[in-house]
Amino acid sequence: MPVITLPDGSQRHYDHAVSPMDVALDIGPGLAKACIAGRVNGELVDACDLIENDAQLSIITAKDEEGLEIIRHSCAHLLGHAIKQLWPHTKMAIGPVIDNGFYYDVDLDRTLTQEDVEALEKRMHELAEKNYDVIKKKVSWHEARETFANRGESYKVSILDENIAHDDKPGLYFHEEYVDMCRGPHVPNMRFCHHFKLMKTAGAYWRGDSNNKMLQRIYGTAWADKKALNAYLQRLEEAAKRDHRKIGKQLDLYHMQEEAPGMVFWHNDGWTIFRELEVFVRSKLKEYQYQEVKGPFMMDRVLWEKTGHWDNYKDAMFTTSSENREYCIKPMNCPGHVQIFNQGLKSYRDLPLRMAEFGSCHRNEPSGSLHGLMRVRGFTQDDAHIFCTEEQIRDEVNGCIRLVYDMYSTFGFEKIVVKLSTRPEKRIGSDEMWDRAEADLAVALEENNIPFEYQLGEGAFYGPKIEFTLYDCLDRAWQCGTVQLDFSLPSRLSASYVGEDNERKVPVMIHRAILGSMERFIGILTEEFAGFFPTWLAPVQVVIMNITDSQSEYVNELTQKLSNAGIRVKADLRNEKIGFKIREHTLRRVPYMLVCGDKEVESGKVAVRTRRGKDLGSMDVNEVIEKLQQEIRSRSLKQLEE
């Protein structure tokens, strides 16, 4: 007879098997009404699943993260229910949960229009408002296959044939006349699935293979209540205003074009931001004692075969040939850095050796995945590799962690989630090697009192890694930084040093990137600041404007003076009204506008305005220069008088 232990340590004794819903009802009708699922001995189960033995039980509600994920998954099934009613010949493929929502890939003999999506969402609401029960049945593999074969669901049959063992018992979930297959759990009743919205459609190949049929992917978002849904939609609206592609065009930062998909054409102002970011990173490299190097753009395929990249990464690599030799354009910098390390005999006294590069890399990303600066084919990594002894690993990883937090704080990013990615199925190196590498990273994080979670199986094929995900002002996650141990690549490329015992040893290699892709990070910053870059990063920091022609000479003198002081400044001497000039440069997000009239010429001062519309009044020119230099030098996120 099961004894159920609840999270508060209390126990309930039963003389028969019980479900999480039974226990919730036993505790109280309010909890039963809120019960979505249960966690039994750490495993999520449906509210109706029976517990036959002693167990630890937590009741999952919409307030739990798992509860929200279940709601989203059930909304995907609701979408399937609705689309089969509207277009009965639709074939259903897969419908997983994603960040903030769900999607379903469908095979439909018509291209869905916006009107179709609206009709589909309306039908989903009509069905959800019926508050029908979702019925779960565990059936044999053969019964599941027969069920979907009879319904013409060829994609579900394919999943059963290729992904589910014949002795398994798949879970079928019945939404009235509609049936879907899933590991679950799902909501017990559709009253939990009232707060959703369909967002967009896109194309997607079956199983992600371009050789397969193109399906239609329908994206949706779902939340536990109306307030949360509306808040999310408002964040999306704000995100659209901050879209770096839109702002990049408004501020003339860069452009992309069809002749070079995924490659950035940097304009002067955008390249100014890029170079200023490089200056900042270089200052940190000097502070943390890195040396900067530059490797070639492409190397012989033979080298990439030695590293293991060719076997694991060749589909993402661009290749070319010359004089009967095949070359790979580098997708990453690490093999080149090992070649530099290998030049000349190294001693243990030379370690740690910290080698950094602004490496120009190229990856053959699918054209459909390209997205402005966020997903490109040609990008620059703020990449570094540290060669060290095993005894130095902990100190070096600690240094990397400090550098990550040091740099992110400069941009105002405070919420950082850390994950430790462990060995994937497809990997190089021994299990003992992976055990040691994973333990070293975990200990370094623990010593820095940094909370982290494991991502099982998500490491790179050559070593485990720490991933740093920062959250922006809209609470969107951006995975940028990595610190990754590699016990394999140096030995593959014959890297060695002479140890204290005068024997040759293989160094440990630590891969380290903080901003990740410079292009992507500029995209993130553009959206984080909505184009209002902090003064130190702004392409033009000051515009000096005249009111009439009589102040032109004074404006030119001031422009030269500020430029000599290291400030990026422009003069606007156009024969336009001063209000027009101020509005134009405000729209260009120029941090400071200095206005010069006859009064300013006579007094040797300037009238200072910020792009936020704040009038700082008349100020001495030297005082303005001194304050701006301090703001720029300190890389402050705030402007004067803020």
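Positions of Cβ are set from backbone N, Cα and C atoms, glycine also.
Under the heading domain 'TGS', Swiss-Prot lists 1-61, citing sequence analysis as support. Under the heading region 'N1 domain', Swiss-Prot lists 1-62, citing a curator's inference as support. Residues annotated as region 'tRNA acceptor stem binding' in Swiss-Prot, with experimental evidence given as evidence: 200-219. According to Swiss-Prot, the region 'Catalytic' annotation covers 243-534, on the basis of sequence analysis. The annotation mRNA binding site is assigned in Swiss-Prot to 246-249, 342-349, 489-503, 547-549, 575-586, 595-600, Arg609, Asp615. Positions annotated as tRNA(Thr) binding site by Swiss-Prot, on the basis of experimental evidence: His309, Arg325, Tyr348, Arg349. Among the features that Swiss-Prot reports, tRNA binding site is placed at 313-317, Arg363, Arg375, Tyr462, Gln484, 547-549, 575-583, Arg589, 595-600, Arg609. Sequence annotations record features per position, and here Swiss-Prot assigns Zn(2+) binding site to Cys334, His385, His511 based on experimental evidence. The AMP binding site annotation in Swiss-Prot covers Arg363, Asn364, Glu365, Val376, Phe379, Gln381, Gln479, Cys480, Ser517, Arg520, and the record cites experimental evidence as its basis. Under the heading region 'Anticodon recognition', Swiss-Prot lists 535-642, citing a curator's inference as support.
Residue pairs drawn from Arg363, Asn364, Glu365, Val376, Phe379, Gln381, Gln479, Cys480, Ser517, Arg520, the listed AMP binders, are separated by up to 20 Å at the Cα level. Break the domain 'TGS' (1-61) down by DSSP state and the numbers are 14 helix, 22 strand, 25 coil.
There are 22 other Cβ atoms within 10 Å of the Cβ belonging to Ser517 (AMP binding site). Cα distances from Thr548 (mRNA binding site) to the binding-site residues Cys334, Tyr348, Phe379 are smallest for Phe379. In terms of Cα spacing, the binding-site residues Lys246, Cys334, Tyr348, Glu365, His511 that come within 10 Å of Gln484 (tRNA binding site) are His511.
The Zn(2+) site is set by Cys334, His385, His511; from the centre of their CB atoms, other residues of the chain with a CB within 8 Å are Met332, Asn333, His337, Asp383, Ala384, Gln484, Asp486, Leu489, Met509, Ile510, Arg512.
Comparing local CB density within 10 A for the binding-site residues Tyr313, Tyr348, Phe379, Phe580, the maximum falls on Phe379. Helix, strand and coil counts under DSSP for the region 'tRNA acceptor stem binding' (200-219) come to 3 helix, 12 strand, 5 coil. For Leu345 (mRNA binding site), the number of other Cβ atoms no farther than 10 Å from its own Cβ, over all displayed protein chains, is 10. Arg363 (AMP binding site) falls outside any helix or strand according to DSSP and counts as coil. Cβ crowding, taken as the number of other Cβ atoms within 10 Å, peaks at His385 among the binding-site residues Arg349, His385, His511. DSSP assigns Gln484 (tRNA binding site) to a strand in the three-state reduction. Put simply, Asn575 (tRNA binding site) is 41 Å from Phe379 (AMP binding site) when counted between their Cα atoms.
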